[in-house]
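J.: Please see the structure below; I have some questions.
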Amino acid sequence: MTVYNDIIEKLKRKKIHMTLIDPASQDIESSGRIAEAAERAGTDFIMIGGSTRINSELMDKTIGAIKSKTSLKTIIFPGSPEMISPRADAIYYMSLMNSRNIDFIIGHQVKTSLFLRQLAIETIPMAYLIFEPGMTVGRVGEANLIKRDDSDTALLYALAAETFGMKLVYLESGSGSPTYVSENVIKKIKEYVKIPVIVGGGIRDKNAAEKLAAAGADIIVTGTIVERSRNVYEALQEIISSI
């Protein structure tokens, strides 16, 4: 079964939680331990990426460490073309649709298309939308930030993504964001869009996760919390049980 089909099958039964591990935020062995704790807590998939300062060697070693500790499928969340590894189960073939820089919309994707085909890694087409405050990813990605409660603009982007044939749409507030995407934005998108909606950024506790899931988010992503928590299992288990 492909990773994407696995996602769709799981969504028929429940909401999904994904743990984002940034290889640049801790040593390789710690990445493996985080993944192990996340699996015990009930996370469904491991995303690897986030930073732009990651090369393919670090990705290879990090994914290897994660796979040695967990049976969960791994998905690359690329911040640059250098973050491709054949060891992952899949990669988000993502377009930062509200960027001012064409490289983030389609340029990097064109440059890596042949390489990805040669690797025979599963690609999952995904629209990536960055909302205020955006944090580092908004700055680096040169995003025209969508206001966190601007449901009309968000809906138009999401509809365009679905019309393009994207299989997922990711609503991002930015790693370490003090706020998360408004529930009203998610509700509006879910009224019209049939592809799964991922929400990440600013989700620090079960209350936030519960609200976003109730609003219609299909997939909840948490990353900063696993980097900062002394007990990854407890921190994630509380969030995962709430969705």
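For all residues, glycine too, the Cβ spot is worked out from N, Cα and C.
From Swiss-Prot, for reference:
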{"type": "BINDING", "residues": "ASP22, SER51", "note": "Mg(2+) binding site"}
{"type": "BINDING", "residues": "TYR170, LEU171, GLU172, SER173, GLY174, SER175, GLY176, GLY201, GLY202, GLY223, THR224", "note": "sn-glycerol 1-phosphate binding site"}
J.: Across the record's sn-glycerol 1-phosphate-binding residues TYR170, LEU171, GLU172, SER173, GLY174, SER175, GLY176, GLY201, GLY202, GLY223, THR224, the largest CA-CA distance in angstrom?
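T.: About 17 Å separates the two most distant Cα atoms.
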J.: In sequence order, which same-chain residues at least six apart have a C-beta under 8 angstroms from GLY176 (sn-glycerol 1-phosphate binding site)?
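T.: The list for GLY176 (sn-glycerol 1-phosphate binding site) reads MET135, THR136, GLY202, THR224, given in order along the sequence.
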J.: Between the Cα atoms of SER51 (Mg(2+) binding site) and TYR170 (sn-glycerol 1-phosphate binding site), what distance do you get, rounded to the nearest Å?
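T.: Rounded to the nearest whole number, the Cα-Cα distance is 17 Å.
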J.: Taking the Cβ of GLY174 (sn-glycerol 1-phosphate binding site) as the centre, count every other Cβ atom within 10 Å, in any protein chain shown.
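T.: GLY174 (sn-glycerol 1-phosphate binding site): 25 neighbouring Cβ atoms within 10 Å.
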J.: Determine, to the nearest whole angstrom, how far the Cα atom of ASP22 (Mg(2+) binding site) is from the Cα atom of GLU172 (sn-glycerol 1-phosphate binding site).
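T.: Distance (Cα to Cα, whole Å): 16 Å.
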J.: Could you list the residues of the same chain, at least six apart in sequence, whose Cβ is under 8 A from the Cβ of TYR170 (sn-glycerol 1-phosphate binding site)?
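T.: Those within reach of TYR170 (sn-glycerol 1-phosphate binding site), by Cβ under 8 Å and sequence separation of 6 or more, are TYR92, MET94, MET126, ALA127, TYR128, LEU129, ILE198, VAL199, GLY200, VAL221.
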J.: Around SER51 (Mg(2+) binding site), how many other CB atoms lie within 10 A of its CB?
T.: 17
J.: Counting Cβ neighbours within 10 Å across all chains shown, tell me which of the binding-site residues ASP22, GLU172, GLY202, THR224 comes out on top.
T.: GLU172
